[in-house]
Amino acid sequence: MPAPQRKHRRGGFSHRCFPTPQTAMTPQPAGPPDGGWGWVVAAAAFAINGLSYGLLRSLGLAFPDLAEHFDRSAQDTAWISALALAVQQAASPVGSALSTRWGARPVVMVGGVLASLGFVFSAFASDLLHLYLGLGLLAGFGWALVFAPALGTLSRYFSRRRVLAVGLALTGNGASSLLLAPALQLLLDTFGWRGALLLLGAITLHLTPCGALLLPLVLPGDPPAPPRSPLAALGLSLFTRRAFSIFALGTALVGGGYFVPYVHLAPHALDRGLGGYGAALVVAVAAMGDAGARLVCGWLADQGWVPLPRLLAVFGALTGLGLWVVGLVPVVGGEESWGGPLLAAAVAYGLSAGSYAPLVFGVLPGLVGVGGVVQATGLVMMLMSLGGLLGPPLSGFLRDETGDFTASFLLSGSLILSGSFIYIGLPRALPSCGPASPPATPPPETGELLPAPQAVLLSPGGPGSTLDTTC
C-alpha cells in the first residue's frame, strides 16, 4: 500500500524568525499569566535596562581619558553621551514599530548586536568623530531597539502585579550603575580606554540573550496580523485618544524637569558648600531612594487602593515639590560638612521621583490597551527625550545668568508640577467616567486583563483589549 500522504496545514509557522504562540503545543492563557515566565521576562527587562541606561550613565568615567588622548575639551567629549541618549530616546518609536511588526524578541536581539558593534567600532577610533558615530549613533540606536520592546512585552505578562514588575525592571538602571561604575574604572586603569571599550562591547552583547528570553504571548483581542503600514506600526493614531493625548502632554512637561537633577544635582551640592565626597553622597542617597521607591510604589500601586492616574498625579507633584526644596536649601557648610538639610531634601526627592517612574509605564495599558503598550512606550520615551534635551541646557543657562542653581531647580520643579496638574484630567478622559454604557462584547470574551470596571477597545489591541477605567 502506498504511504498515506500527510496534509500540511497552512500557516504552521509564522513569517517571523520564530514560531508564533499559536503554533505552540501548549494551550495559551486566556489573559496575562501574572507570573510564571513573566518573572523571567522581568529579569530580562531588568538586565536590559541595566545594560542600556546603567551603562550609559557610567560612560562619563571614560571621558577624561578620551579628552586627554584626543586633546579635546570636556564639553566635546560630553557630546558622546548626550548624542547616545538623544538617539536612544528619540528613536524609541522605531524600536516599538519594528517590535509591533516583527515581534520583540528578534528586534531586541538585533539591538544588542548593534550596541555591541558600536563599542567595538569606537575602540579603534582615531578621532572623536568616530566616537560620535560609534557610541552616539550606532550604540544609541541599538539601545533604542531594546528598551521599549522589553518593557512592552513585560506589561503583557502581568495584570495585577504589572506596576511591581515594571518597577523591578526599572531598578536595573541604579543597580547596574553601582556595579558598572567601579568595574569600568578598573577596566580603564588596567587596559586603557580602548581595551575598556572592547570589553564593554562584550558585556553589551549580553543584551542579545536577554532578548531571546522575551517569548511572545498572544492575548485576547490581539489583531490577527501585524500592521503593514509604517505609520500604523508607529502608533501615531494613539494621539487621537483623548486620555493618551492628555497623558502625553503632561509627560512631555515632566520630562523638561525630570532629568535636570541627573546632570546638575552634584554641581548644585558643590555650589552649596559641600566638598566632593559630600556631593557624591547627596547623589548616592537620591539614587538609592529612587531605586527603593520604584519597588515599593510598584507594590502599592498593584494593591488597587488608589487608582493609578491619581497616584501618577500625586507622586509627580511630590517630585516637583521635592525639586523646589532641593533648590531652596541654603548654604549647608564647608567641604567637611555632609550637608544634612540638602541630604534630607535629596532623599525626599529620590523617593518621590522613584515612585513616579514605574507609574508612567504602568498606567499605559489602562490608557491604550495591552495591544498598544509597546507603541505607547516608544512614543512616551520620545516625548520625554524632547523635554530632557531642553531641560538641562536651560538649567545650565540659568546657572550662568544667576550664579547658582536655585532658579534652575525652581523651574524644573514648576515644569513637573505643571505636568502633574495635567494628569488630574486623566480620570475624566476615561470612558467609564462618562455615562454608563453596556460593553461591546460579553465579558467572558474580553478576558479579565485588568481589574473591573473595563471597557473594550477596538484598536490598536483589537476587540477584547481592556482598559482600566477606574477613576
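We count from 1, first residue shown onward.
The backbone N, Cα and C atoms fix where each Cβ goes, and this holds for glycine too.
Marked as compositional bias 'Basic residues' by Swiss-Prot: 1-13. Residues or ranges marked as compositional bias 'Low complexity' by Swiss-Prot: 19-28. Positions annotated as region 'Disordered' by Swiss-Prot: 1-31. Annotation source Swiss-Prot lists topological domain 'Cytoplasmic' at 1-35, 428-471, citing a curator's inference. Under the heading transmembrane segment, Swiss-Prot lists 36-56, 78-98, 106-126, 131-151, 163-183, 198-218, 243-263, 273-293, 312-332, 333-353, 367-389, 407-427, citing sequence analysis as support.
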Have the transmembrane segment (78-98) and the transmembrane segment (312-332) got at least three CB pairs under 8 Å, pairs 6 or more apart in sequence?
no
Three or more CB pairs closer than 8 Å, sequence separation of 6 or more: does that hold for the transmembrane segment (131-151) against the transmembrane segment (312-332)?
no
Do the transmembrane segment (198-218) and the transmembrane segment (106-126) come close, with at least three CB pairs under 8 A (pairs 6 or more apart in sequence)?
yes
Outside the transmembrane segment (243-263), at least 6 residues beyond either end, the same-chain residues with a Cβ under 8 Å of its Cβ set are 57, 286, 316, 319-320, 323, 326, 349, 353, 356, 360, 363, 367-368, 376, 379-380, 383-388, 390-392, 395-396, 408-409, 411-416, 418-423, 425-426, 429-430
Using a Cβ cut-off under 8 Å, which residues of the same chain at least 6 positions beyond either end of the transmembrane segment (163-183) come close to it?
38-39, 42, 45-51, 53-55, 57-58, 61, 150-151, 154-155, 157, 287-288, 290-291, 294-295, 297-299, 301-302, 308, 357-359, 361-362
Mean pLDDT for the topological domain 'Cytoplasmic' (428-471), as a whole number?
38
